[in-house]
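As given in TrEMBL:
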- 1-90: domain 'CARD' (DOMAIN)
- 605-646: repeat 'WD' (REPEAT)
- 647-688: repeat 'WD' (REPEAT)
- 733-774: repeat 'WD' (REPEAT)
- 869-910: repeat 'WD' (REPEAT)
- 994-1035: repeat 'WD' (REPEAT)
- 1050-1076: repeat 'WD' (REPEAT)
- 1121-1162: repeat 'WD' (REPEAT)
Amino acid sequence: MDEVVRSSVLQNKQSFLRDLNPLYIVDHLVSDGILNEKEEEDICSQKTRNEKVKRLLDVLLGKDNHAVIRFRRALEVEGSSHLAELLKSRSSASSSDDCEGSSIDAVLWEGGVPPRPVVFVPRHEAEKALRSQLRLLQKKPGWVVLHGMAGCGKSVLAAEAIRDGPLLQDCFPGGVCWLHVGDVHGPELLMKLQSLCLRLDKAGSSGLPPPQNTLEAKDKLRHLLLKMYPRSLLVLDDVWSTHVIEVFDVQGRIMLTTRDSRVADHAHGNIYKMEVENEMKEHQCLQILSGWLHHPMSDLPVEAQLIIKETKGSPLAVSLIGAQLKDFPNRWQYYLQQLQQRKFQRIKRRSSYGYEALDEAIAISVQRLSDENQKYYKYLAVFKKETDILSSVLSMLWDKDIEDVEDIMHVFVTKSMVQRSHVGKLIVYRLHDLQHAVLYDLHSNEMPALHDELLCKYRKRCADDFTQLPNDGYIYHYLCYHLVQAGQLENLRRLMFSLDWLNSKLRTVGVQHFVGELLQFKNVLCSSGESAADTWQDFIDFLSPNGHLLVAREMPHVWQLALSEPVSSEVYAQGLRKVQEQGKDCVFVEWLNKATAPKLFWKTFRVHTGPVYGACFSPNGELVASCGGDGYLKVWKAETGEEHLSVKVHLDLVLSCSFSADGKRIATCSADGTVKVWNAEDGGLTVEYEGHDEDVLHCKFSHDVHEPILASCSKGWDIKLWGLKCKQPKATLLGHEEAVRSSCFSPDDLNLASCSLDGTLKIWNITSGNEEESVDVSGFLKEVPAALKTDLKACAWSPDGNKIVVVALNYIIVLHAPTYAFEKLLNTSPESSILSVDFSCDSRLCAVGLSSSAVEIWDIENEELKLDGKGHLAWVHCVTFAPNGAHLLSASDDRIIRIWNLKSENVSVHGRLKKCIDVAFPSEDTMLIAAANEDDGLLVLSGETGDRICRATPEKHDVFCCCLNLEGVIMAAGYEDGDITVCDVHTGDVLRELHGHQKCVRKCYFLTQHPYLLSCSDDGSLRVWKWKTGDCLMAMKHSEEEVRGFCLVDEEVILSNSMDGSIKMWNLSAGTLIQTFQHHESSSSVLSCDVCLSRKLFASASADKTAMVWSLQQHEAPLTFRGHADCVRCCCFSPDGCLLVTGADDGTIKFWDISTGDLLQTFHTRGSDLVSLHVSLQRQMLITVDSLGLLYILRVMH
């Protein structure tokens, strides 16, 4: 007889005892051949009707399904159709005395299932998953093993999963029986078995005597489940031992909760396992705390979230704390401190949980391990919490093979004492925070020795030199932590203040990690005295401005970078020592005049692989969110650049991002037309909005912490307002007639300002969505030619609510906010346009990002430029002030994000040099530098001291080139309009003006053997001047394109280079063309050329990012040098002709071996756009100027 039929008979037994007349039914069954004569006599010999019915049912249950079918038909014939209907039904509410009318709660209560906790929070996904597992037991007996670490809520989840009517009716109509097992052995286990059998055999109907030993108890339990309670569920709660499983292995339907996932591996039947997550989500934990205190979640203090963070969402820990807070509601800070100090014994039981305190619940698992495994488990406390532990590290620490380590760790994993996961093909292990804390507390006295033991193991692997450690994926991250924990502080200082260690760290874990450790261990590193504090500051000053270089794909040489540090810096001293130890074949470059350069006041970060379009500070200023062309949202620490989150958020360009006012969410918008909101903690997608038809150009959260509104602006002319609880927009604001570039909320969140390419600024009412004001900004720009369209790129509302600024072209337009009337107009650099704008927190300063790659800060009230920040290499798409106003963030097309320190003494830089310079060496001891500053004054500087020797102030402006004669007494300057002036160096007087070029003069040069001046121009020509008279002796037409430069082969022959991609050789005496060289691709401009001193080779530099070396005497294919990331603007040979030096737009100077083509060294300037390089023949020196106006006098160490 199958289980369903047997169950229907047993479940309705009481109805048969009450209503059935057995004698007439027996006659039918005898005549049908179901009962034989002996069975008939046995039934009829019973004394009472009830006993006859019982005996009849027992006989029927020993037969097949056909017997029950004939029994049902007999009932129908004898007029007991209501009893026959009971046998047709396959569902029943319970196995109680009146199962038809009982409720699910009654079934669970009778089965001993524990009620819901006082404060209950459902875990719907887990409950659904567990019910799916239980349904697998519907047709066949088997096991469902629910496993997880202590306190993760296994028992509550198990009880809630079976609190489901359809599940019980379909799968377990025989009822449910719950037994708490625990860590029991021998007599205790027998007592639990006897108690269970007694509960199931309430009326002694099984006919079996009470069990006297475990074997008898197992047999009786099997009989009860198969005969009396078929298709029932037995729940074994908190199982520890496989011996328990052996006793209960009775071919029933069993669910068990355990910490050991392998406990039932050898049981008979199907086994279905499900792991319970160790942590609940934050909102679930808040619900628990809210339930205990009877407060809305929104009214819980900030300590609630900190407690959840410390407990890592452990259901047990949060519930225990909530229960105690119910009695002591003012102890939030107290219990938070207990958690932070790992005093778990103070967090004691105030519920039905089986352990007195939180630490006891976790420690019991450790005590259950064998002595040997306890020893291995103890070592796990040496690893920092929340750290991935590698098998290879444990293999070294335990002196075990990898396979043995994995076997040992498998034991811990199956007992829910360690979490195991896969990172690619790598297996990693991790302790839950609470487990780590309890384990650390158990062995706190041994911890320094354990850390020292781990360090000793690593010392053996690197011959006691930590800088030579192999990269095992662990030690470079945590060596400093272990040194501190072992008390080896002097070793820590020696390591962290070492360029060798820095170099090793850069190539394994990155600069952000190193800076993070400098800041994390600052107090320890600086504790040995003033000298240590100075060294710490030296390393910080070295790493902060060079961060973007140290994460580049082609990382610069650390020792080379160190040579650019101040001479007093420990970093410089170590770098110089390392360079001096190198062989003669190495090339290094030292910046000799670096002391005259202002101290950098920015930090640089390269976190994206494409242009950066948006960036913003978190509300507390500790984090930065950034987004860009690579489709990623990055969240990182503002102080170190250490990555917190990296999420691929869109498939197209990510154009803007915004933190919510509470810092918990980040919005992004993209050219794919979507707006998305992300969890700032774990990077999970909170909501995705789809409503815009075109690119979404900007998004911004309101200032409201509780119910924030998100505004998004589109290329499709509309603005949408979104709430976080609905995917449909709260409002769509229509009125602009072209793309809406930007928007900003008023400080009170009552209004929204938006600006558009249609030239208007509109003010919207947030509540009604109506347009309140429309301002035609183009009317304020009367100076702008009508042909120039007034595209409004960005707007910002001052924090005090009194002003709105909007930017167009190169203008900052200031409006009075209450009336939206025009207030003032500020004019920035005319050569560029403004792309972004932001207000400082005190509403005094306004920052703008420019297409000229500059960042400017203006004092709005005084209309004064406070900062003209150079440093980026491309458009600055975003500027934003830190919440405290002490820093400014800028993000650019050059993939770099800079954080400017506005409190620095060097914020403003005035009188910078232009990029055009010339150098003369009148004697072996004298070097003169001719230059123009940004005020278009002509300067002659001493190369040794940097002092100004003279200054000339011609009436003309826009100097593009200058040069000195060999003696250093005469200087010439070429201008944008094509004119040239010749000045006396000592007096600054203008001696002669030369007129003839029609366009900008790119280069001029005094010939040494004649009183002539040679020049080239954008008009495509070269001219030879007799400068004393002003006469043009000769004009040579190179091409219709710009002639960017020339160089002398000798006094009679010159080479000129042009934007048309050609290099031409000229006879200077006759003015005739000798030869043409086609450089690179015909479409690539040649920007510079130089001739080697041997007169056998010449070099050219091109906009195609390459340089070439050509033979002047043989028709050989040129040697091409590739490696620059940007346009190569200048080149020159070393005096010995062995090296080629090239300078590029990315601010790098590269040194190449001419014979092999190998790159030997790269020097990084602070700026960009290197247009000229000048070599000292006697001193092995190189001179140039970058886009920041900084002069570089470099000593080449070769």
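Think of each number as a place in line: the chain as shown, counted from 1.
From the backbone N, Cα and C atoms, a Cβ is placed for every residue, glycine too.
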Overall pLDDT of the domain 'CARD' (1-90), taken as the mean: 77
Helix, strand and coil residues within the repeat 'WD' (605-646) as assigned by DSSP: 0 helix, 23 strand, 19 coil
The repeat 'WD' (994-1035): DSSP-derived helix, strand, coil residue counts: 0 helix, 24 strand, 18 coil
Helix-strand-coil residue split for the repeat 'WD' (733-774), DSSP-based: 0 helix, 23 strand, 19 coil
Helix-strand-coil residue split for the repeat 'WD' (1050-1076), DSSP-based: 0 helix, 17 strand, 10 coil
For the domain 'CARD' (1-90), the number of residues DSSP places in helix, strand and coil: 68 helix, 0 strand, 22 coil
